[in-house]
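As written in TrEMBL, here are the features:
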DOMAIN    36-341  domain 'ABC transmembrane type-1'
TRANSMEM  43-66  transmembrane segment
TRANSMEM  86-112  transmembrane segment
TRANSMEM  170-187  transmembrane segment
TRANSMEM  193-213  transmembrane segment
TRANSMEM  281-299  transmembrane segment
REGION    368-391  region 'Disordered'
COMPBIAS  372-381  compositional bias 'Basic and acidic residues'
DOMAIN    395-651  domain 'ABC transporter'
Amino acid sequence: MAADDRNAFEVYRDRVDRPLVRLFREYGAAEAHWLVIGMIANVIARIAGLLPPVVLGVAIDAVFTGDGPYSLPIVPDAWLPTTDPAQFQLSVVLILGAFVVTGVFTFIYGIAANNFAHRVMHAVRTDSFDLMQRLDMTFFDDKQTGEVMSVLNNDASNLEVFLDNALQNTARLGVMVLGIAGVLFYYNHELAVVTLSAIPLMFLFTLWFMRAVEPRYVEQRAIVGDLNTVLENALSGVELVKTSNTESHESERVETASRNYFERTMDILRLNYVYRPGMELLAGLAFAATFLVGGYWLAQGPPGPFTTELTVGTFVTFILLTQQFVAPLAEVSNIVDQYENAKASSERVFGLRDIPVRITDREDAVVLGGGDGHRGGRNGDRSSGNGDRGVDGEVVYDDVSFAYAENALVDPADADEVVVRNVSFAADPGDTVALVGPTGAGKSTLLKLLARLYDVTDGEIRVDGHDVRDVTVASLRSSIGYVSQDTTLFDGTIAENIRYGRFTGARVDADERPADDAVRDRVVEAAKAAEAHEFIDSLPNGYDTRIGERGVKLSGGQRQRVAIARVVLQDPAILVLDEATSAVDTETEMLIQRSLDRLAADRTTFVIAHRLSTVTDADTTLVLEDGEVVERGTHDELIEADGLYAKLWGVQAGEIEDLPEEFVERARARHVQRGVEGVVEGTVERETLDE
Ligand code: ADP
């Protein structure tokens, strides 16, 4: 039931209504005081800026040409001096005062406007990240990390620019246009009509520009997301790119995305090339018309239909104020620019925020094990034995079925790509359950359901008798340790990576956090149990050695042992091992195996086994094929039964040359069905044999 082929992000983005209004309501309100202070200071500064041309005009008429009285708008004439020298001095003081006021209030406005914009940006960014983290795996399966990066970076800064520059420039523009128009009308409404006749033209021109530019901005924003996604994929998959010699393919993809972006941007800029000079031309026309008509007026008296007197002072005021017009009006294209960007950006911010989070705690969710989910209970001290373990680790799958939703838009209940069918089994605390079967059989999916990375479509999974949907997600996940074949290490030191999850995160109350030394002791203890202590100790800075992004400076075997140490420290009741297929040398393999055996010893353990020889001791082995359990039992029982397991065992032990033809066919069909790119004959067979 595919709604359409857009991803969830795009769909929710399009549904956002009046994004900037929402931005102000949801983020602006809390910082509104900064905005108000900024606006008021801005308006005062601008009004003060209008004063010098007015005072200059009045002084010229009263002091120098004697054409008019010394009178100022608003101020009663009785307050003003009557002698020329006093009027001149007052004019100088007023002009100077106006500049001081402009300076002081510009300073205040700068601080307030910056505070407003940056505080909102900070809130938007941190909030979006929090929300993004809570989204279900289905969202991330859609590979939208590029888009998310773009929300957290580009969009947040677009909003900042808008809230700072655009808002304040709009206020400035409003004050200037209204203020200047007011003053001009006050002094000579007839000449004012000449000067301001350009305003309606500018308005229409701006309207045309906005209409033309808006759809282009929408396109441009979408393309930024595409570009980010391409870059992100190429960078995170750099190893695959190199090993498959697809650098030129990736370069082409980046070239295409970047060219698209370039072309859209040029589209927008072309409009700007017309708009900006056009506005300046119109402003120039207003200036020239004022100069022409005003000059003629002074020399020959009121031209044409005009009847009022024009003095030299008023003429100077007009010329100076008309010039002040030009700068803020030329900003209009920037304001439009920033406004369009901000609108698109806040649509994306709220699009992300509106995506429903399906996997969350029920209102009456209980804490699994009653404690913090760690076996060690509140004290978290392993040496205290198992007496106070919070979670026993009894796991029951009861007729579980699951289908992947095509994307985050599809209600999981409507998903039709069934990959797990009616799976039932029970594991007692401490049991080891091995999952075997061909690639794509559903082994990993089955265990992702246990940690509620996805929710079952049918049936239920119980841990210690609780449906996993009835316990808090945090307590469930912290009672499950996960060691995968693709180990993620964060940028940071080895020690930080080992304590990640156990002594990092909100779950750990500050007052429960042991002293640094105690943590270090336990980190070392965990590393020893993971057979990692020796190699860590031999590194230049031992446990404080930084490992690069994704831990590129460690070997695969070393990374895996760091990951195992992390789980040892986590001390979960349930362990999920996604066994490594990547070849490590025999000695490393032995070390890893030994540490895993130790780790698994008294926990309920699920092993996704690729080599059957590592799980012959499992209490139960489930053989999966196409999402169904086709065989189950101990190693001996399964060999006895002489089914799929026995065949796989034979292949891996080198007894059978080839897999049955129908088996290879099925695996190949599955690959084709999934549209996996670049699967060549040999790969299918090799992968299948790996199992
Ligand atoms: P296994 O671990 O046995 O190799 P998986 O559980 O990874 O199998 O996959 C089972 C099936 O589910 C496969 O057909 C796979 O293509 C599909 N699948 C796995 N992950 C996803 C996902 N995130 N979205 C959609 N389909 C998926």
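Glycine too: its Cβ is placed from the backbone N, Cα and C atoms.
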Residues from the same chain, set at least six apart from the ends of the transmembrane segment (86-112), whose C-beta lies under 8 A from its own: 34-35, 37-39, 41-42, 44-46, 48-49, 51-52, 55-56, 58-59, 62-63, 70, 80, 168
Stretch of maximal Cβ-Cβ contact with the transmembrane segment (170-187) [cut-off: under 8 Å; candidates 43-66, 193-213, 281-299]: 43-66
Confidence summary for the domain 'ABC transporter' (395-651), mean pLDDT rounded: 81
